[in-house]
Every structure is written in structure tokens, then in C-alpha cells.
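Quick look at what TrEMBL annotates:
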- 26-51: transmembrane segment (TRANSMEM)
- 41-290: domain 'G-protein coupled receptors family 1 profile' (DOMAIN)
- 58-78: transmembrane segment (TRANSMEM)
- 98-120: transmembrane segment (TRANSMEM)
- 132-158: transmembrane segment (TRANSMEM)
- 197-226: transmembrane segment (TRANSMEM)
- 238-260: transmembrane segment (TRANSMEM)
- 272-292: transmembrane segment (TRANSMEM)
Amino acid sequence: MEWVNETLVTEFVFLGFSSLAGLQRLLFAVFLLVYLFMLGTNAIIVSTIVLDRALHTPMYFFLGVLSCSETCYTFVIVPKMLVDLLAQKKTISFLGCAIQMFSFLFLICSHSFLLAAMGYDRYVAICNPLRYTVLMGFGVCVGLVAAACACGFIISLVTTSMIFHLPFHSSNQLHHFFCDVSPVLKLASHHSYLNQLVIFVLGVFVLVIPLLLILVSYVLIISAILKIPSSVGRYKAFSTCASHLIVVTVHYGCASFIYLRPKSNYSSSQDTLISVSYTILTPLFNPMIYSLRNKEFKSALQRAMIHTSYSIN
């Protein structure tokens with residue numbers, strides 16, 4: 001880690017909520033309640049999937065991994081943000097900033113590829129229902145998750161290494177509430193066009209490639225659904241995909257706005273607002289969209305609660 005000692009900047013100062021100084025205690029209370037609720041709902045989802053054998057299917061396996069992923073990437077961002085809302089000096093060390101960026105990018109990139117794997121799962125379930133258990137065996141599901149994590153690790157390692165090997169000699173005031181790519185890159189003393197191009201291409205790869213795979217899956221899914229003669233059958237088939245489509249739209253919409261823009265269009269106020277929804281609100285709504293409105297999951301949750309109450313008594 002010799003590059004840490006070669007720069008004059010040894011820490012960064014977060015200015016993400018500096019314009020809301022009078023509201024920071026209120027924001028702390030609101031974000032804390034939202035964060036605790038999100039942790040609770042994700043814990044309920046994962047524990048219910050683990051305890052109820054009826055949910056030991058590929059779809060719920062991916063949902064459990066998705067819930068764990070969202071819990072982890074909010075843990076990288078939100079606790080530090082909550083502490084900073086009450087602190088006078090909102091700082092993070094140079095190395096701590098690099099670790100936070102790497103961890104967040106690793107989890108969020110893996111998240112994108114995981115959504116693509118979930119799209120493939122829905123494609124197999126609807127287009128090849130008779131071979132579903134064979135094509136989506138446990139080994140295949142684990143392999144898809146491992147591939148998503150491997151892609152996330154490589155992309156986050158390359159991006160973080162490239163950014164934090166740049167010289168930081170001027171300002172250390174970060175106009176954000178965590179160490180994201182654009183605000184940190186803006187503070188670098190100088191960087192080449194090649195740096196920006198490589199980071200942009202990696203962003204395209206991690207967002208556009210999984211999204212294209214999802215779109216291909218849904219083109220095939222929709223063509224299969226339209227061949228179902230019964231309107232009830234078509235509705236039932238499409239309803240299994242609706243939650244995934246909502247989550248995909250929110251995830252890729254926010255991520256594309258933040259990461260697939262030229263650096264000249266960077267806006268700290270807009271990015272702070274979008275990032276709040278991306279890191280706090282989206283992980284809150286996803287469990288409700290995916291699970292708490294799902295009849296099969298609610299039935300499993302009721303069985304788990306009854307079983308737990310009997311065990312306690």
C-alpha cells in the first residue's frame with residue numbers, strides 16, 4: 001500500500017448533507033428507522049426461505065442471495081452515513097475510502113449480474129417448465145451466483161485500483177455521503193482520458209450486458225406467454241415475472257443515471273438524491289415488492305411463525 005503515503009491527501013471530508021445542516025438529526029432518525037426496517041424485512045425473508053422447504057426452489061434461492069446482497073451493500077454505506085449525520089467532522093481515511101468504494105462496487109456489480117441470473121431463471125421456468133429442475137439444479141444456481149460475484153470482484157478491483165492510484169494533491173472535500181466513483185474521481189489532481197474511458201467501459205459492461213441478457217430473456221418469455229391459450233394462464237405466468245421487472249427497472253434506472261454519464265455532466269446534488277434512493281429506499285422496497293406481496297411467500301411466513309410459536313411454547 002505504498003501509494004497511500006505518496007499522496008498529500010490522507011483523508012476525505014463528506015459534504016453530502018452539508019446544505020441540510022438543520023435537518024441532519026431528523027434525517028438521522030428517519031434513515032435509522034428505514035435501515036432497521038430494511039434489516040428486519042431482509043432477515044425475515046432469508047430466515048423464512050431457509051426454514052420452509054416449500055421455498056427451496058431456484059427462484060427463492062436467488063431471492064435469498066439478493067436479500068443478503070442488499071443487506072451487505074447497505075451495511076457498507078448506511079452505518080457510516082448515520083454516524084456522520086451526528087458528527088461535527090464527517091471524515092474518512094484515504095484507505096478507508098478505497099475499501100468502501102471497492103466493497104460497494106463489488107456488491108452492486110454482483111447485484112446487477114444476479115438480476116440477470118434471476119431473469120434467466122424466469123426464462124427457464126416459463127419456456128422450459130418440464131426441464132426446469134434439471135436446467136436449474138442447485139449446482140447451476142450456485143455457479144451463477146459465483147460467476148456474478150467473480151465479475152463483481154474483478155470490475156470493482158480494476159476500478160478502485162485505477163482511481164486510487166491517481167494523485168490527490170488538491171481538495172479533499174467530497175460532495176457526497178460515501179466514496180462513490182464520480183465524486184472521488186472529480187477530486188483527482190489529474191487523470192487521463194484513458195482512465196475515464198476504462199471506467200466508463202466497465203460501467204457499460206456491468207450495466208448494459210446484464211440488462212441486454214434480461215431483455216433477451218423477457219423477449220423469449222413474452223413470446224412464450226402469448227402462446228398460452230388461457231388468459232388466466234397468461235396472467236399467472238406473467239405475474240411471476242412482474243416483481244423482477246419492477247426491481248430491474250428501479251436498479252438499472254438509478255445506476256444508469258449515475259454511472260453512464262460523461263464526467264462533465266456530474267451533479268453532486270442530483271447524485272446525492274439518487275444515491276439515497278439507490279442505497280436506502282430501493283433495498284427497503286425490494287423485499288416488499290418481491291416477497292411480502294407474494295402469496296406463496298406469505299403462506300410460508302405464516303407457517304414459519306406458527307412453527308416458531310409452538311417451539312417457544
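Positions of Cβ are set from backbone N, Cα and C atoms, glycine also.
Note that the structure is a prediction, hence the values are computed from the model and not measured.
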Top stretch by Cβ pairs under 8 Å to the transmembrane segment (98-120) (candidates 26-51, 58-78, 132-158, 197-226, 238-260) is 132-158
Near the transmembrane segment (197-226) in space but 6 or more residues beyond its ends, with Cβ under 8 Å, are 109, 112-113, 115-116, 119-120, 122-123, 126-127, 151-152, 155, 158-159, 162-163, 181, 185, 234, 237-238, 241, 245, 248, 252, 255-256, 259-260
| request: Answer yes if the transmembrane segment (26-51) and the transmembrane segment (272-292) have at least three CB pairs under 8 Å among residue pairs 6 or more apart in sequence, and no otherwise. | output: yes
Sequence-distant residues near the transmembrane segment (272-292) by C-beta distance (under 8 Å, 6 or more away from its ends) are 16-17, 31, 34-35, 37-38, 41-42, 44-45, 63, 66-67, 70-71, 73-74, 77-78, 175-178, 180, 243-244, 246-247, 250-251, 254-255, 257-258, 298
Per the Cβ filter (under 8 Å) with a sequence gap of at least 6 from its ends, the transmembrane segment (132-158) is approached by 58, 61-62, 65, 101-114, 116-117, 120-121, 124-125, 198, 202, 205-206
On average, residues of the domain 'G-protein coupled receptors family 1 profile' (41-290) score a pLDDT of 85
